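Trainee: So Swiss-Prot says this about it:
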{"type": "BINDING", "residues": "62, 63, 64, 82, 108, 129, 136", "note": "S-adenosyl-L-methionine binding site"}
{"type": "COMPBIAS", "residues": "297-309", "note": "compositional bias 'Basic residues'"}
{"type": "REGION", "residues": "280-319", "note": "region 'Disordered'"}
């Protein structure tokens with residue numbers, strides 16, 4: 001399963017105003033309720049007025065954060081993370097108008113250290129919406145799109161790190177092919193890698209997409225042949241899967257007893273990681289370690305793991321939600337034991 005691709009979108013979608021995916025479901029999950037209150041004329045009945053400290057680890061354009069804020073009490077705190085400078089600008093505007101909001105311009109992989117800098121050791125809920133956002137796709141200058149021309153950048157945080165174009169200038173064919181295969185599940189990775197490395201320059205996403213298109217021997221109907229390669233390069237350059245792994249592991253000590261974890265993913269590489277993480281930490285399994293003759297049993301850190309997908313109505317309204325999955329779980333009272341992880 002891959003991320004929703006641009007070629008699967010209609011022309012209306014490509015001029016899309018971002019809608020947060022699984023909005024009601026994710027916010028209800030992070031608050032530990034089955035559903036949010038129905039909105040009525042009686043405003044006092046429209047909010048849960050939940051107290052505590054919550055984290056939106058991927059602010060984006062703030063859809064999930066704004067709904068979550070509407071359900072929080074005046075003494076609650078919402079800490080929002082994002083790598084993207086544009087997203088951070090939006091987050092700071094929100095923080096200026098709502099004192100409950102604290103902004104961190106960094107990856108959610110820095111969760112523990114960033115919270116420690118605020119003298120926060122534990123929180124009541126963690127929420128993340130993984131992958132690329134629609135505004136990032138729709139902005140050709142960011143380099144994520146193979147339907148709009150722009151620089152071959154693909155960095156989530158344009159203020160730091162190496163762009164895809166810079167990486168392509170120096171990477172060898174074999175390493176590139178391995179990246180396309182591992183992070184894009186591209187079966188024709190070697191053929192595509194050779195074609196990419198024969199390019200004179202890497203200054204146009206449309207030119208890069210065309211080279212991949214020509215090199216790709218099998219076109220899948222309804223899917224641009226560059227979809228998986230673009231996904232792979234973006235995931236690699238941003239260390240997305242490594243950040244997800246770090247975030248998930250940090251969620252164990254960071255969540256209070258009864259705290260909620262809610263994570264939305266859009267492709268199988270991410271969803272598989274979340275699924276395996278929750279399975280591993282909700283069953284009290286023995287860790288696989290051949291060096292330990294009688295390894296200690298891993299504590300059961302999470303209970304009630306569930307998976308929820310978008311409704312037919314949401315998919316109809318927002319086709320880009322079709323591949324989304326929300327996984328959620330509740331932190332148990334098991335003490336965190338660091339020396340038997342992962």
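Each residue, glycine too, has its Cβ placed from N, Cα and C.
Quick one: where do these features end up spatially?
Mentor: Counting only same-chain residues six or more apart in sequence, the Cβ atoms lying under 8 angstroms from the Cβ of residue 108 (S-adenosyl-L-methionine binding site) belong to 57, 58, 81, 128, 243, 247.
Counting same-chain residues at least six beyond the ends of the compositional bias 'Basic residues' (297-309), those with a Cβ under 8 angstroms from any Cβ of the stretch are 22, 25, 29, 252, 261, 275, 278-287, 324-332, 334-337, 340.
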Trainee: Pick the one among the binding-site residues 82, 129 whose Cβ has the fewest other Cβ atoms within 10 Å in this structure.
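Mentor: Comparing Cβ neighbours within 10 Å for the binding-site residues 82, 129, 129 has the fewest.
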Trainee: To see if you understand the setup: which same-chain residues, six or more apart in sequence, place their Cβ under 8 Å from that of residue 64 (S-adenosyl-L-methionine binding site)?
Mentor: 20, 23, 26, 27, 56, 127, 129
Trainee: Going by DSSP, is residue 62 (S-adenosyl-L-methionine binding site) part of a helix, a strand, or coil?
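Mentor: It is coil.
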Trainee: For residue 136 (S-adenosyl-L-methionine binding site), which of the three DSSP-derived states applies: helix, strand, or coil?
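Mentor: Its secondary structure by DSSP: helix.
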Trainee: Using Cβ-Cβ distances, find the residues under 8 Å from residue 62 (S-adenosyl-L-methionine binding site) that belong to the same chain and are at least 6 apart in sequence, listing them in sequence order.
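Mentor: Once residues fewer than 6 apart are set aside, residue 62 (S-adenosyl-L-methionine binding site) is near 80, 90, 91, 94.
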